[in-house]
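Engineer: Not my notes, these are from TrEMBL:
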type     : residues  : note
TRANSMEM : B:12-32   : transmembrane segment
TRANSMEM : B:44-61   : transmembrane segment
TRANSMEM : B:82-102  : transmembrane segment
TRANSMEM : B:114-134 : transmembrane segment
REGION   : B:148-173 : region 'Disordered'
COMPBIAS : B:149-160 : compositional bias 'Low complexity'
COMPBIAS : B:162-173 : compositional bias 'Basic and acidic residues'
TRANSMEM : B:182-203 : transmembrane segment
TRANSMEM : B:223-240 : transmembrane segment
DOMAIN   : B:254-324 : domain 'Cation efflux protein cytoplasmic'
Amino acid sequence: RWWQNRRARLLCMLALTFLFFVVEVVVSRVTASLAMLSDSFHMLSDVMALVVALVAVRFAQRTRATKKNTFGWVRAEVMGALVNAVFLTALCFTILLEAIERFTEPHEIQQPLVVIGVGVAGLIINLLGLCLFNHHGVGGHGHAHGHGHSHSGRQQPRGGSPKPEQPPTDGEAALRREETSTLVENCSSSNGVSQEKLGDMKDDVTDLQVNGNAGHYSLDVEEVEEDSSAQLNMRGVFLHVFGDALGSVIVVVNALLFYSLWNPCPRDGPCVNPCVNNHCMENATLSQPLGKTNQSEQESVMVAGPCWLLYLDPVLCLIMVCILLYTTYPLLRESALILLQTVPKQIDVHSLNSKLRTLEGVEAVHELHIWQLAGSRIIGTAHIKCPDPSTYMMVAKRIKEIFHDEGIHATTIQPEFASVGSESGRGKCEFPCRTQCALKQCCGTAEDNTGKKTEKSSSLSISCSEVVIEFPHNKTRRTKSESIPSVRLEANADQNEQFESSL
Amino acid sequence: MGRYSGKTCRLIFMLVLTVGFFVAELVSGYLGNSIALVSDSFNMLSDLISLCVGLSTGRIARRSRRGPRATYGYSRAEAVGALSNAVFLTALCFTICMEAALRLARPERIDDAQLVLIVGALGLAVNVVGLLVFQDWAACCSRCRPRPDTGTAAGPDAAAEPPDRSERKTEKKSEALNIRGVLLHVMGDALGSVVVVVAATIFHVLPLSADAPCNWQCYIDPSLTIVMVIIILSSAFPLIKETSIILLQMVPKGVNMQLLTDNLAHVPGVISLHDVHVWELAGGKNIATLHVKCQTPTDYQDAAYKIRKLFHEAGIHSVTIQPEYLDNKSSTLLCSSPCISRECDSQLCCSQQEASLPKSNGCVEKSERSLPALPKDNGASKNDIEIPIECPVSEDSINNVKNCIMSDDKSQLNNTRF
């Protein structure tokens, strides 16, 4: 089913649009119609949007880590969506400007029949494009494709009884890697919906959806997989085509009305065109009644047809701009939020934090970061403080499960071990990077911590402390920065505040 | 945060200037019934929009408080703002190009060359002022820029210098992106004004009568416009590239992944690494995460410090290391604890199924050691693969835990028991 392939769809639409652009340019040269030429450039902007989306899709299929990008290029689609959304906004802006200019200087449509013809053809192509990309719609709901996958958007009942171990269904994976074959009982079988781990009913939070999302995601690792980042990308393209379709609708409506209602100035004979703002005319024609009918016996001067027709175009354009901006803004927002490394909306960091902290053996959690790479790949890092390594071992799996429940599957957990006497004071980072690098750390200075102090009152956060076996002479190597930490800590201690970020 | 840097001051000044000129041009355009003035004023409007985007993203980024919605704060807003500005500018260039092509197809003359000349010159003056304002002109707004407080105000001077300078540098780097976006717009506008002035001068000096057909003079404007578009685009693309490096989570410039992973693999105690990720948050703040396989917790603790040192030397200061301990079931290359199930593989940031290429995930294997037979704890069969509990979680490792030296000047010096 080639039409389910994103690239095929994009390429098809690209070819169609480009062809139509060429046709329109030729027609405009033949009929010497400037309006047609400018309309053809709208098609060209469509072509550019499709090219951006295609490039993004091509990039995003390289999910493997490379030297230049350790995450692979999966984020390309989100960026493509943002670029398309901004591009569309800019186009709306220019359309707005043109409409305002038209208000001050209205134009007549020359050769409305040609315009109608080409407009209808453009509308057909755009409608076709809308159908092609409608799969993704404006609301951004995706589908799990093919192979009988069920949607993972449902809540699963808690598994009360132990489930037997099920081998995973991607058989080749099972064959390839016996080592990790015992992991599997938590995620279920073919439909990729994960079920609750047996016996553990700690959370009140809902089921183990694989990514915790109410959307529909497929775990299918085939290339037809429609990830939400792909949906974003397609939404960008859809909005462009939608805008173009609206433009074509306006062109057709306008030309039709013009054709039927307008009384043009005939080529011969004097003609009064009251709609065009002309200083000379204001003085000369005030005495003449304006209107749809032709002139009275006074002078056989024709008056051009109803003026409001000339203002129809800009008004419709304004409406179109409003519609487009209204529908583009959510896309802009969503892709920007992903790129800003924000927490995905379905995840509640506070509850995750409290779940982690209430685990036995976990003393504190800090540097908890959750962000969305693209689509359903959510990444988390945390520093977990435990009393000693063996406690950590026991609790490590549970930690990963908690993350998994929220849909965060790629995690890096750094265990930190408290030392004797750590309850009283604030430990210091044992890094070589201390305060001189504080500003270069991701979560830098102490001033960021004021917002967080209320939640962490129960747990001691020793920022990024680690057990490092240090010989006394190690300290001397870092004498340069020795003085700073003490000052910092005193300052912080005075504020009586728990800070959880690194120094 | 209530702290004005020079950047905000400049942006606000430019904003005020541009708004003023925009309004003036619009009013005079309508009064004088000149469409050229009105369209030029809309160029100013686009400048205004880009300034607003620059200002607002700068403010968002500076307020970058970590919160439940954004664990890293919003410091990336500047990169997003710069990208938006660059794309906006590209789209505007595209439409300008379209209009120039239309003009080439049907050339028109400039009617009121004198008026256009005057307004064009004024617009050029405003833009040049804007460009100057955005240069690193320390004299401007020095009063707007109090010393940024780094919290070490009480510290000695020598120590206060590096944080201050480094903060200034990181601020400069990210503010560079933001300002560059706005600067591009201003430069585009300035070039547009230059083109207008040149064309109007030619029409003024060599006037074309109303009934004469358009000669070469009519083609000057569109062709110069196309040249201008090319210039603007060629300076917009580097900005797009730079913001892409940040937004696509690429390895920041100046970090050599190959060298870094090789050095990391040679740290004693490290058997292998995988899932090494290095990326830039914004403005020089680099973040790394990796998984390290070691034999015992002692090994890990020894290695962790050295690993961090290596990263520090590479310019990466926020590192999160996940230790994994060997068992004889998992290979040294694969992650012992990717997630709790293999079904989640497609949602990992690096698919484990592709780990067969040793270097592609940043998986680097140091040496082929024979794996010691670690006893399994059968009761925790599910735990084994991921993080095995090793029986010889020895006393010395626990002692080592207790023996840590928190080289805190305030306390805890009771541990130096070596």
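Note: Cβ is positioned from N, Cα and C throughout, glycine not excepted.
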Engineer: Can the transmembrane segment (B:12-32) be said to touch the transmembrane segment (B:82-102) if we require at least 3 CB pairs below 8 Å and skip pairs under 6 apart in sequence?
Structural biologist: no
Engineer: By DSSP assignment, list the helix, strand and coil residue numbers for the domain 'Cation efflux protein cytoplasmic' (B:254-324), in that order.
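Structural biologist: Counting residues by DSSP class gives 26 helix, 30 strand, 15 coil.
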Engineer: Sequence-remote contacts (6 or more beyond its ends) of the transmembrane segment (B:44-61), Cβ cut-off under 8 Å?
Structural biologist: 7-8, 11-12, 14-15, 18-19, 21-22, 25, 74-78, 80-82, 84-85, 88-89, 92, 123, 126, 130, 174-175, 178-179, 181-182, 184-186, 189, 282
Engineer: Quickly jot the same-chain residues contacting the transmembrane segment (B:223-240) by Cβ under 8 Å, restricted to those at least six beyond its ends, or write none.
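Structural biologist: Contacts with the transmembrane segment (B:223-240): 82-83, 86-87, 89-90, 93, 96-97, 99-100, 103-104, 177, 180-181, 184, 187-188, 191-192, 194-195, 198-199.
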